[in-house]
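Visitor: Sequence annotations record features per position, and here Swiss-Prot assigns ATP binding site to 139-202 based on sequence analysis. The annotation Mg(2+) 1 binding site is assigned in Swiss-Prot to Gln283, Glu295 on the grounds of sequence analysis. Residues or ranges marked as Mn(2+) 1 binding site by Swiss-Prot: Gln283, Glu295. Feature annotation from Swiss-Prot assigns Mg(2+) 2 binding site to Glu295, Asn297; the stated evidence is sequence analysis. Among the features that Swiss-Prot reports, Mn(2+) 2 binding site is placed at Glu295, Asn297, with the record citing sequence analysis. Annotation comment: Swiss-Prot describes 112-325 as domain 'ATP-grasp', evidence class sequence analysis.
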Amino acid sequence: MLKVLLVGSGAREHAIAEALCGAPDEDVELYAFMGNRNPGIIRLAEDYVVGDPTDVEAVARAAADWNVDFAVVGPEDPLAEGVADRLEEEGIPTFGPKRGPARIEWDKGFARELMEKYDIPGRPEFGIFEDPDEACDFIDELGKPVAVKPAGLTGGKGVKVVGDQLKNLDEAKEYVKEIFEEDIGGIPKVIIEEKCVGEEYTIQAYTDGEKVIPTPAVQDHPHAYEGDKGPITGGMGSYSCPDGLLPFITKEDYERSVEILERTVEAIKKETGEPYRGVLYGQFMLTAEGPVVIEFNCRYGDPEAMNILPIAEGDIVTLHASIAEGSMEGEIEFLEKATVCKYVVPEGYPESSEGEGDVIEVDEECIHRYDAVPYYASVNLDEDGKIRMTSSRALAIVGIGDELEQAEEAAESAIRECVSGERIRHRSDIGKHETVEKRVRRMKRIRGE
């Protein structure tokens with residue numbers, strides 16, 4: 001029996017908890033340090049604490065009190081605060097990189113400079129600036145659409161692109177000033193990049209800092225509303241395909257992307273002196289020239305974790321424990337199944353608190369009948385047993401099927417028939433044939449096919 005600490009309380013962490021507790025290779029006793037009372041994790045946990053996951057001392061105390069064998073950290077914020085370093089000081093191996101290697105996410109400037117220094121392919125033209133005037137001059141010099149990125153963590157909502165959230169270069173320059181004036185991201189630095197044109201996708205890879213095991217490619221849908229409209233969110237849903245690729249990605253595109261991840265793992269160790277232990281998440285854009293790195297994350301994606309964990313088979317506990325120890329062992333395979341994840345969110349998400357505090361009713365037996373799986377996110381289990389929403393994403397439903405169409409129907413039916421609430425919504429277009437085909441056609445145009 002292994003005692004495992006799980007840090008975090010979103011749908012991603014619920015999926016991790018289910019994967020660890022349901023794994024055949026090792027019995028697990030789960031302990032959770034959560035930011036909210038996630039009913040799915042509470043049900044699986046032997047014991048739990050509700051607190052601030054970025055309070056590394058509190059996390060370390062809880063881990064020591066429970067005498068855990070190893071820890072798994074879900075979100076990026078605790079990793080950026082050095083929770084893995086602090087747990088290691090207590091003698092607790094941790095799945096999730098120390099603060100130095102985690103810088104690949106919490107400082108976007110570091111990520112770009114690392115790629116440049118070690119000549120890792122997939123770099124757009126970019127500049128890093130600590131002075132807003134210099135950044136604005138660079139935008140003028142480029143004279144073409146740009147992406148404006150705060151250097152620090154913004155919960156996936158800080159990047160703005162000309163032609164999407166920004167109308168023109170003048171608005172880009174206004175946003176640069178706003179980043180410095182409002183301290184967006186918490187680091188007084190901005191990255192300006194040429195706008196890449198193509199289709200975005202994610203590949204997550206397990207690594208102990210030496211070996212790398214890639215997982216199926218996933219496509220996220222960050223826009224709030226159907227048809228890829230509205231503000232950027234933490235992710236409204238995602239899909240994966242039975243062959244581990246996506247309809248617009250070739251095997252060669254996938255392999256080139258994995259090579260970028262492998263070289264990045266190697267570069268992180270050389271640069272920081274610390275091996276990267278955990279999941280390295282690469283967000284790519286497939287362009288006419290091939291894969292370009294949009295950004296790296298230092299943990300499982302949310303929602304992308306929900307596309308790979310339910311179809312993972314093999315030594316899941318051994319894999320996580322051995323990565324935490326620093327020498328990856330265990331076999332992991334992925335079923336040749338399609339997955340579609342759709343998030344149910346409060347009506348006002350992400351711009352207002354409309355729906356916050358409302359009860360959401362979830363019939364789990366009904367969901368399972370549709371070949372779907374529920375993962376609870378930013379909700380709280382009341383003392384009276386009711387599940388109440390916060391202002392963030394509430395519930396992820398993952399449909400699984402032999403083909404993408406089946407998986408999408410499973411997720412959509414489960415939401416429509418098994419989930420209810422007065423002020424909830426979801427994107428029904430995620431994983432639908434028309435949505436995917438639109439992306440395939442666009443990619444063919446870009447590649448001149």
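Backbone N, Cα and C define each Cβ position, glycine as well.
Burial and contacts for the listed features, if you can.
Guide: Sequence-distant contacts (6 or more apart, same chain, Cβ under 8 Å) of Ile139 (ATP binding site) comprise Val146, Leu169, Ala172, Lys173, Val176, Ile192.
Around the Cβ of Glu295 (Mg(2+) 1 binding site), a 10 Å sphere holds 18 further Cβ atoms from the protein chains shown.
DSSP assigns Gln283 (Mg(2+) 1 binding site) to a strand segment in the three-state reduction.
Under the three-state DSSP scheme, Glu295 (Mg(2+) 1 binding site) falls in the strand class.
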Visitor: Between the Cα atoms of Glu295 (Mg(2+) 1 binding site) and Gly163 (ATP binding site), what distance do you get, rounded to the nearest Å?
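Guide: Cα-Cα, rounded: 19 Å.
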Visitor: Output the one of Ile179, Ile187 that, of all these binding-site residues, has the highest number of other Cβ atoms within 10 Å of its Cβ.
Guide: Ile179
Visitor: My understanding is the cutoff is Cβ-Cβ under 8 Å with a sequence separation of 6 or more in the same chain; which residues meet that for Lys195 (ATP binding site)?
Guide: Lys144, Pro145, Val146, Ala147, Val161, Val162, Gly163
Visitor: I'd like the number of other C-beta atoms within 10 A of the C-beta of Glu171 (ATP binding site), please.
Guide: 14
Visitor: Can you figure out which of Gly155, Glu171, Ile179 (the binding-site residues) comes closest in space to Asn297 (Mg(2+) 2 binding site), comparing Cα atoms?
Guide: Gly155
Visitor: Check the binding-site residues Gln283, Asn297 for other C-beta atoms within 10 angstroms of each C-beta and report the one with the most.
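Guide: Neighbour-count leader: Asn297.
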